[in-house]
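Scroll down for the structure; my scribbles are underneath it.
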Amino acid sequence: PFPRRFLTSKEQFHAYLRAGGEEEEEKEEKEEKEEKEEEEQVSSAQSEPPAKRVKAEELGQDGESRGDAGEEEKERPEKKRARGQNKSRPCMKPSSYEQSRLCPSVTQGCAGQCHFGPRCRFLHDVSEYLAAKPADLGRRCVLFDTFGRCPYGVTCRFGRAHLGDGHQNLVNAALARQWEGKVLVRNSLSKELQQRLRKRKFSFRKAEEFLRALRGGKGGNASGGSAEVSNCTAPHEGLGDSPALQSSRGAPSIPTLGPLTDEDVTKLRPCEKKKLEIQGKLYLAPLTTCGNLPFRRVCKRFGADVTCGEMAVCTNLLQGQSSEWALLKRHHTEDVFGVQLEGAFPDTMTKCAELLNRTIDVDFVDINVGCPIDLVYKKGGGCALMTRSNKFEQIVRGMNSVSSEHLEPSWWSPVRPGLTFPPLQVLDVPLTVKIRTGVQEKVNVAHKIIPRIREWGASMVTLHGRSREQRYTRSADWEYIAECARVASPMPLFGNGDILSYEDANRAMQMGVSGIMIARQVRVGALIKPWLFTEIKEQRHWDISSSERFDILKDFTNYGLEHWGSDTQGVEKTRKFLLEWLSFLCRYIPVGLLEHLPQRINERPPYYLGRDYLETLMASQNVDDWIKISELLLGPVPPSFTFLPKHKANSYR
């Protein structure tokens with residue numbers, strides 16, 4: 001679909017980037033020289049890091065490095081097409097981001113209160129730390145400019161923006177007051193909760209009740225069907241149980257004062273549970289690695305209505321792992337937000353649902369029954385649950401049974417006379433399920449499972465139009481998705497797969513689905529073009545310029561520094577996730593270069609020269625060029641830096 005004037009060969013493509021790169025380096029050197037003349041107080045500048053050494057066999061993209069890019073590449077024998085994850089990639093997480101770290105007590109302005117005293121292995125001398133600290137990366141600190149104060153103080157890699165005499169951390173009091181008392185990010189893991197989880201002192205009362213009924217075979221079936229009833233007209237066990245009756249049955253009694261209310265004697269029936277009203281909205285799928293909070297903020301800005309956190313493993317959450325709980329964090333701009341859980345057994349999934357229902361703020365909880373990777377599938381999770389119907393049913397029923405609970409407000413106490421009992425707080429989180437068409441490529445089973453999922457109590461189903469064997473290759477089967485949407489009615493069903501333009505979205509909505517999910521991986525929508533949400537809402541093709549795309553990367557970088565921090569560790573974490581995203585962004589073909597619109601998600605673009613140097617640089621599939629883009633935003637990479645994307649993503653090689 002390209003005009004001939006834009007097409008080029010691989011050798012000419014990289015030669016153009018090298019020539020442009022040399023001009024850019026000369027320009028940068030000139031700017032640095034002028035900056036040194038203006039800032040006479042700077043005694044020495046940071047030396048450039050040694051050249052990045054990226055082995056050809058580790059690249060997984062073009063197989064080139066800057067050192068051999070000028071040599072003519074010989075024709076390679078045809079190899080088996082790689083797919084999936086780079087399982088053998090080396091560990092790229094550094095053991096330490098800085099050789100000499102400053103003690104957090106010094107950074108927070110309370111150096112005399114270090115709990116470790118003389119045993120502390122971090123530095124307490126600011127001058128000694130600054131002598132070894134790498135040079136600053138810029139003159140502006142996004143945290144200081146946005147919030148009026150940078151919590152990272154002298155460790156900030158943009159410290160010159162807010163450090164005064166004596167390395168004092170300056171504060172913009174007027175700007176800081178505007179943010180006082182505002183919670184920007186919710187769902188953080190507190191130390192108190194983490195300790196309770198690690199010591200197994202968290203009470204899973206409702207989950208244990210369901211599991212006891214499951215083991216005891218209550219209700220006459222192994223799925224614990226008595227825990228939930230899908231028919232509102234059917235009798236429900238436990239209706240009318242007053243606190244006294246509960247006490248006589250061995251359940252702990254709840255002391256109450258005041259008149260008896262309906263909340264005291266009734267329990268939510270399935271038909272009375274909170275409904276998830278997102279029909280017709282644009283849903284950003286949970287994207288492992290790339291679907292982090294800064295990326296979701298970018299998509300929110302372009303019009304995503306519903307966002308979901310990355311897939312979290314329930315066992316890791318129950319153990320109180322900080323890295324897993326970080327996947328649940330919610331930015332205040334995410335007005336409709338959910339989390340996705342992965343697990344293989346009803347005990348852990350039910351307990352995890354109760355834990356999240358009582359500790360975090362979400363609008364829905366999604367069960368991952370679509371993950372195709374071997375690590376999850378072989379343990380019985382993800383797509384494997386579609387073949388384990390009994391466990392699948394127990395998980396859905398169990399999580400649904402603990403997703404609503406009546407709690408007394410924390411301020412109420414039965415020993416305070418004269419108080420009437422206030423309305424009970426109801427925690428009611430809808431449950432959704434994400435599935436595939438089946439496990440085997442030509443054996444679709446989703447249409448048989450979806451009616452049962454509706455009976456088990458799920459509020460919505462999302463169907464990815466591929467099987468596990470297909471993973472993320474071939475085209476999604478939207479005819480089958482339409483058939484499943486009819487079977488699912490009246491339960492909402494969202495379709496997922498091959499959405500890269502507003503025409504694709506319109507065709508999908510004509511299939512009768514309740515909404516569409518914009519997703520990920522080899523056939524990517526949101527990761528290739530996050531402005532896709534704007535195109536769908538405005539019904540147009542956006543010929544976005546390279547400078548506008550670069551501004552999007554700037555926004556992501558600023559969001560990343562806010563989220564992960566502006567110290568060395570935060571900068572390198574931001575760089576890592578930026579590079580992962582760039583491994584997808586390079587597949588976008590600018591609208592202005594296409595003869596026929598729209599771009600198809602399975603089209604493999606040839607080598608082409610963009611309308612300017614930056615557009616061509618962004619089209620490169622060479623790891624070194626991605627690193628170069630990151631250096632334009634976050635400064636030079638550390639010595640001996642290397643990067644290999646998590647996913648091989650070589651369908652466009």
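Note: Cβ is positioned from N, Cα and C throughout, glycine not excepted.
TrEMBL does not curate its annotations; it predicts them automatically.
Model, not experiment: these values are computed from the prediction.
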Per TrEMBL record, range annotated zinc finger [choices 97-127, 438-468, 531-561]:
97-127
Under TrEMBL, which of the candidate ranges 140-165, 166-191, 270-295, 374-399 is annotated zinc finger?
140-165
For the zinc finger (97-127), give me same-chain residues lying six or more residues beyond its boundaries with a C-beta closer than 8 angstroms to one of its C-beta atoms, as numbers and ranges.
133, 151-155, 167, 169, 567-569, 572
Kindly state the mean pLDDT of the zinc finger (97-127) in the predicted structure.
80
Checked against DSSP, the composition of the domain 'C3H1-type' (97-127) is 12 helix, 2 strand, 17 coil
